Amino acid sequence: MKFSSIILLTLLICSMSIFGNCQVETNKKCQGGSCASVCRRVIGVAAGKCINGRCVCYP
(Lines of atoms letter the chains of each structure in order from A and count residues from 1; the text may use other names and numbers.)
(Lines give C-alpha, C1' and ligand atoms only; values in the text may rest on other atoms or scores of the structure.)
Protein backbone atom coordinates (compact mmCIF):
# COMPACT_ATOMS: atom_id res chain seq x y z
CA MET A 1 0.00 0.00 0.00
CA LYS A 2 2.85 2.36 0.81
CA PHE A 3 4.35 1.89 -2.67
CA SER A 4 1.01 2.68 -4.35
CA SER A 5 0.57 5.86 -2.32
CA ILE A 6 4.06 7.02 -3.33
CA ILE A 7 3.22 6.49 -7.00
CA LEU A 8 -0.11 8.31 -6.65
CA LEU A 9 1.58 11.23 -4.90
CA THR A 10 4.21 11.38 -7.64
CA LEU A 11 1.53 11.42 -10.33
CA LEU A 12 -0.36 14.16 -8.50
CA ILE A 13 2.75 16.31 -8.30
CA CYS A 14 3.46 15.61 -11.97
CA SER A 15 -0.02 16.63 -13.03
CA MET A 16 0.42 19.95 -11.22
CA SER A 17 3.81 20.54 -12.84
CA ILE A 18 3.94 23.60 -15.07
CA PHE A 19 6.48 22.07 -17.42
CA GLY A 20 4.88 18.63 -17.61
CA ASN A 21 8.20 16.79 -17.91
CA CYS A 22 7.78 14.62 -14.84
CA GLN A 23 9.34 11.17 -14.65
CA VAL A 24 9.07 8.24 -12.27
CA GLU A 25 12.39 6.50 -11.60
CA THR A 26 12.16 2.85 -10.63
CA ASN A 27 14.62 0.53 -8.88
CA LYS A 28 14.36 -1.94 -11.77
CA LYS A 29 17.72 -2.42 -13.49
CA CYS A 30 17.90 -2.50 -17.27
CA GLN A 31 20.46 -2.65 -20.06
CA GLY A 32 19.32 -0.30 -22.80
CA GLY A 33 16.10 -0.44 -24.75
CA SER A 34 12.56 -0.09 -23.56
CA CYS A 35 11.12 -0.47 -20.07
CA ALA A 36 7.52 -0.71 -21.29
CA SER A 37 6.58 -3.78 -19.23
CA VAL A 38 8.03 -2.29 -16.04
CA CYS A 39 6.29 1.06 -16.56
CA ARG A 40 3.00 -0.66 -17.36
CA ARG A 41 3.18 -2.44 -13.98
CA VAL A 42 4.38 0.62 -12.02
CA ILE A 43 2.24 3.47 -13.38
CA GLY A 44 -0.08 1.79 -15.90
CA VAL A 45 1.49 3.49 -18.93
CA ALA A 46 4.00 1.87 -21.27
CA ALA A 47 6.08 5.02 -21.79
CA GLY A 48 9.58 4.62 -20.44
CA LYS A 49 13.21 4.02 -21.23
CA CYS A 50 16.45 2.83 -19.71
CA ILE A 51 18.54 5.71 -18.36
CA ASN A 52 21.78 5.10 -16.46
CA GLY A 53 20.90 1.43 -15.95
CA ARG A 54 17.46 2.10 -14.40
CA CYS A 55 13.97 2.17 -15.88
CA VAL A 56 12.47 5.66 -15.98
CA CYS A 57 8.73 5.97 -16.69
CA TYR A 58 6.86 8.96 -18.09
CA PRO A 59 3.16 9.38 -17.22
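A Cβ is built for glycine as well, from the same backbone N, Cα and C atoms used for every other residue.
Computed from a predicted structure; not experimentally measured.
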Of the cysteines CYS35, CYS39, CYS57, which is paired with CYS55 in the disulfide recorded by Swiss-Prot?
CYS35
What residue among CYS22, CYS30, CYS39 is stated in Swiss-Prot to be the disulfide partner of CYS50?
CYS30
Going by Swiss-Prot, the cysteine from CYS22, CYS57 that pairs with CYS39 in a disulfide is CYS57
For TYR58 (site 'Aromatic residue of the functional dyad'), the one of GLN23, CYS35, CYS39, LYS49, CYS50 that lies nearest, given that the recorded positions are compared by Cα
GLN23
State the count of C-beta atoms found within 10 angstroms of the C-beta of GLN23 (pyrrolidone carboxylic acid), not counting that atom itself.
14
For the recorded positions listed here, CYS30, LYS49, CYS50, CYS57, which shows the highest count of neighbouring CB atoms within 10 A?
CYS57
Around CYS35 (disulfide bond), which residues of its chain at least 6 apart sit with Cβ under 8 Å of its Cβ?
THR26, LYS28, GLY48, LYS49, CYS50, CYS55, VAL56, CYS57
